[in-house]
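For reference, the structure is listed below as structure tokens.
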């Protein structure tokens, strides 16, 4: 089981270190995809786009903690090393990172579709690592299966498909479907009820979008 690492006066949570290294790996993944699919940005620009977007995500998610507990900022600012802003903070962080990646990609002339797929690919990769960390902590094979399914879907769409808007719709839809299925399988439906309803609605919208903009669905 992954635990804490003592570094001087600080206790560093090892899963957080794994996520940080995973972000770097996702940057190299984006770099490789940019080269493979001959995107309109260089591999280095793709790496910078993804890693910087994740930095924005974590900074906003960390700082959003003080929206809920502003008194902690004055009493003990170091708590920012150990706490995050919860689900709403994560949503705010995701929006902030999305806005940043949009303008960053626009600076390099990267089409919106390519930007969306690079960001989504990175997000799915990080999610798969997070789920595998859950498996390590809880020792429940259902999380191991979920993590490998995310990676399998990611590999299929990243390697065997062209970067189009329809591909983005399909990739996002399948990831949402897998997420909902495993929330039911792990009996977490009540815990994530609002997010599950949201995921189902978005999946239906994506399915309609595929039907409208594409000739065939997967």
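Yeah, the Cβs are placed from backbone N, Cα and C, and that goes for glycine too.
Lifted from TrEMBL, the feature list:
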- 12-34: transmembrane segment (TRANSMEM)
- 46-68: transmembrane segment (TRANSMEM)
- 80-103: transmembrane segment (TRANSMEM)
- 115-135: transmembrane segment (TRANSMEM)
- 141-160: transmembrane segment (TRANSMEM)
- 167-185: transmembrane segment (TRANSMEM)
- 191-209: transmembrane segment (TRANSMEM)
Beyond the flanks of the transmembrane segment (115-135) by at least 6 residues, Cβ under 8 Å: 2, 15, 18-19, 22-23, 25-27, 29-30, 33-34, 39, 46, 49-50, 53-54, 97-98, 101-102, 105, 141, 143-144, 146-148, 150-151, 153-154, 157-158, 163, 167-168, 171-172, 175
Same-chain residues near the transmembrane segment (167-185), Cβ under 8 Å, at least 6 residues beyond its ends: 113, 116-117, 120-121, 124, 127, 142, 146, 149-150, 153-154, 157, 161, 191-192, 196, 199-200, 202-203, 206-207, 209-210, 213-214, 217-218
